[in-house]
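Q: If you scroll down you'll find the structure; I have some questions about it.
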Amino acid sequence: MQLPRDVLVGSDMLGKVSDVCSDLQLGRNALIVTGQKTRDIAGIKVAEELEETGINVQIHVSGSASMEEVENVMEIAREMDTDFLLGVGSGKSIDVAKLAATRHNVPFLSIPTAASHDGIVSSRASITHNGETTSIQASAPMAVIADTEVIAKAPFRLLAAGCGDIISNCTAVLDWQLAHRLQNVAFSEYAAALASMTANILIESADSIKPDLESSVRIVVKALVSSGVAMSIAGSSRPASGSEHMFSHALNRIAPNPALHGEQCGIGTILMMYLHGGDWKEIRDALRIIGAPTTAHELGIEDKYILQALVESHKIRPERYTILGTGITPDAAEVVARTTGVIS
Ligand SMILES: NC(=O)C1=CN([C@@H]2O[C@H](COP(=O)(O)OP(=O)(O)OC[C@H]3O[C@@H](n4cnc5c(N)ncnc54)[C@H](OP(=O)(O)O)[C@@H]3O)[C@@H](O)[C@H]2O)C=CC1
Ligand SMILES: O=C(CO)COP(=O)(O)O
Ligand SMILES: [Zn+2]
């Protein structure tokens, strides 16, 4: 099991980055991977903090989470003989830094500027190659530094998406239990219990998730860390990724303008909970209270793409058995999407 050694969550945590690097004895050459917006929000501040303690820093602004970008970053890391990498920003910057550090065999620090999904903590990187996005095994971050002040200023949509990613543990665990019963797949009671408990605590705290509040950010970041730990215990993303994630991955392939990962997973959870015969209204209501999308219209995706994604979701990861089994018919897809109000 790989777990982060240090997890810092709180106000003004960007100011602690040098202390963390010195405690972990990470070395003198650092490469920061950041995004176009997040460079100014946190990337430069992190660079200045490190430079003050004599660390040599290079900043790379990354546009996409592609294999080409990972190779670019590895090339820079080789040229500057970097001792460690830092992913400062959103999911894409963190994934590029995570995989480049793993392949270059150096430690990696995750410094999210938004709490939009559990990839900020996990040992997996979602990378696009030849038009396909795959989730690749990577090293877990050596440390996670989540500055709640910075994250609270991010667009609220990103925090609400993070809640959707956490709530999706509900159907991921049901799918995992089903696969265990029907196909005897390896199952971890500890990982499943942690993932379910994390989602349930968040559902119960739905009315505490509000814009511009550091206390809300703290709840969401802790839940994302907890989901990440569940995946580490399981040795796979099973406790946090089931049929609802397959639906989101299918939408990414099908929809011309996909929404955020956590937003799509949240809606996927409503749909898949209906198929499981569970309390899908509880999921929908929690997402509504939080302010996350619960309909195709709110997601900004046309109904026809929702239906196509539902019918094609089972093809995404055929080896991962879920409630979708060998697939649902277009008629059945229409019933589930209409009954749950996802399409109207
Ligand atoms: N590794 C894993 O296990 C997982 C990985 N993923 C992957 O992560 C990616 C999605 O990540 P997600 O974070 O949802 O979206 P993006 O990485 O697409 O980021 C969304 C946008 O938010 C901006 N942003 C981030 N923080 C702030 C802030 N504080 N203020 C203003 N803008 C901000 C980003 O700016 P900027 O342009 O600077 O980046 C970016 O434009 C996908 O590639 C997905 O496949 C998803 C789930 C799990
Ligand atoms: O997003 C994830 C968990 O929330 C990771 O899942 P995947 O393995 O489907 O990429
Ligand atoms: Zn996810």
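Along the chain as shown, the residues are counted starting at 1.
Cβ atoms are placed via backbone N, Cα and C, with glycine included.
Where the annotation comes from TrEMBL, it is an automatic prediction and has not been curated.
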Q: Besides D118, H249, which of D165, D175, D303 does TrEMBL list for that substrate site?
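A: According to TrEMBL, the candidate sharing the substrate site with D118, H249 is D165.
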Q: Need one residue: from H180, H245, H276, the one TrEMBL lists with D165, H261 for Zn(2+).
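A: Record source TrEMBL; matching candidate: H245.
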Q: Find the one among the binding-site residues D165, H245, H249 whose C-alpha lies closest to that of S116 (NAD(+) binding site).
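A: In terms of Cα distance, S116 (NAD(+) binding site) lies closest to D165.
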Q: Report the binding-site residues (G91, D95, H249) that meet this criterion: Cβ distance to the nearest atom of ligand 3 under 6 Å. Use sequence order and write none if nothing qualifies.
A: none
Q: Give the maximum pairwise CA distance in Å, whole number, for the residues D118, D165, H245, H261 listed as binding glycerol.
A: 12
Q: Out of G91, D95, A114, S116, D165, H245, which binding-site residues lie by ligand 2, with a C-beta less than 6 Å from some atom of it?
A: D165, H245
Q: For the binding-site residues G91, A114, H245, H249, which sit with their CB under 6 angstroms from an atom of ligand 1?
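A: Cβ under 6 Å from ligand 1: G91, A114.
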